Amino acid sequence: MEVKKDNLSSQAKLWNFIYGFAESLVLKCAVQLDLANIIHNSGTSMTLSELSSRLPSQPVNEDALYRVMRYLVHMKLFTKASIDGELRYGLAPPAKYLVKGWDKCMVGSILAITDKDFMAPWHYLKDGLSGESGTAFEKALGTNIWGYMAEHPEKNQLFNEAMANDSRLIMSALVKECGNIFNGITTLVDVGGGTGTAVRNIANAFPHIKCTVYDLPHVIADSPGYSEVHCVAGDMFKFIPKADAIMMKCILHDWDDKECIEILKRCKEAVPVKGGKVIIVDIVLNVQSEHPYTKMRLTLDLDMMLNTGGKERTEEEWKKLIHDAGYKGHKITQITAVQSVIEAYPY
């Protein structure tokens, strides 16, 4: 009997792996239908017919909607309850991150990560193990990720929205939990800072700091032009503007060790000998950890391998990388986010 139970459990686990993509794409469907916002804005739970009548595309196949909602309830994203003989749907706690208009909304990340083109490199995972040059992204889409973004403005916008989404999540935790890292800083450059969302959080929390976002021209072109943030276009491999501190959020994981050392050396040149530092916001892997984010961090490591040729790093790998770039020391602080904060001291 135990053997049968083990077989059933193992087969069920494998089937769930096989159809693992379904949860991502049903989640995408929920976002596209705006289900969380419709229920949130109603102020109460809703029947299927009420929900159906408010969907953006009409007419609606209510049987199909019922089946999608049944799956979303099973995912524990939505709730269902019988009230006065009617089945009504509400929001489970994770669904609040699908509600637009607050700083922790994750819709931008969902739409980018589940985009057909951005998922394509995963189909080339095996090819990435061949030892041949080129990333899975290049094999799937014919160019590297940076060239692709420059050539496809609509995808670049999707990507930038996801990065801005991620920045709001991370920076909220960073400012609240280790704002002291900005003590004594009057100027800061966010290298690879996208459209400026991350550094804007710093500018608002610490108005005395003059903040600059530094990124590639096609990225800066999409910046909304925040009054608190100065925008500069350029190439971090060639030059980094001078400041008391350099910040890089989710940048070094895009690159291999050799390129990271080059970037870190450019950062070292940009900060003053006295009090200068580099603030790295990136994942610190601990594969033995039972932390809820461990699987996510390992997934992102594969994602970097596929898309950029980069990697997520363990604490020991960060220590070696920073040392090899000629820095004198570093400090790692965990925050309530997927990433940690690494302060690197060049002098």
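Cβ coordinates come from backbone N, Cα and C, glycine included.
Taken from Swiss-Prot, the feature active site, proton acceptor applies to His253, supported by sequence analysis. For His253 (active site, proton acceptor), other Cβ atoms within 10 Å of its Cβ number 20.
Long-range Cβ neighbours of Asp215 (S-adenosyl-L-methionine binding site) (same chain, at least 6 residues apart, Cβ-Cβ under 8 Å): Val191, Gly192, Gly193, Gly194, Ala233, Gly234. Taken from Swiss-Prot, the feature S-adenosyl-L-methionine binding site applies to Gly192, Asp215, Asp235, Met236, Lys249, supported by sequence analysis.
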Worksheet item: Just the number: how many Å between the Cα atoms of Asp235 (S-adenosyl-L-methionine binding site) and His253 (active site, proton acceptor)?
Response: 17
Discussion item. List every residue in the same chain as Lys249 (S-adenosyl-L-methionine binding site), at least 6 positions away in sequence, whose Cβ is under 8 Å from its Cβ.
Written reply: Ser167, Ile170, Met171, Asp190, Gly192, Gly193, Ala198, Val281, Asp282, Gln339
Worksheet, complete the sentence: Close in space but at least six residues away in sequence, with Cβ under 8 Å from that of Met236 (S-adenosyl-L-methionine binding site), the same-chain residues are Val191, Gly192, Tyr214, Ile251, Ile263, Arg266
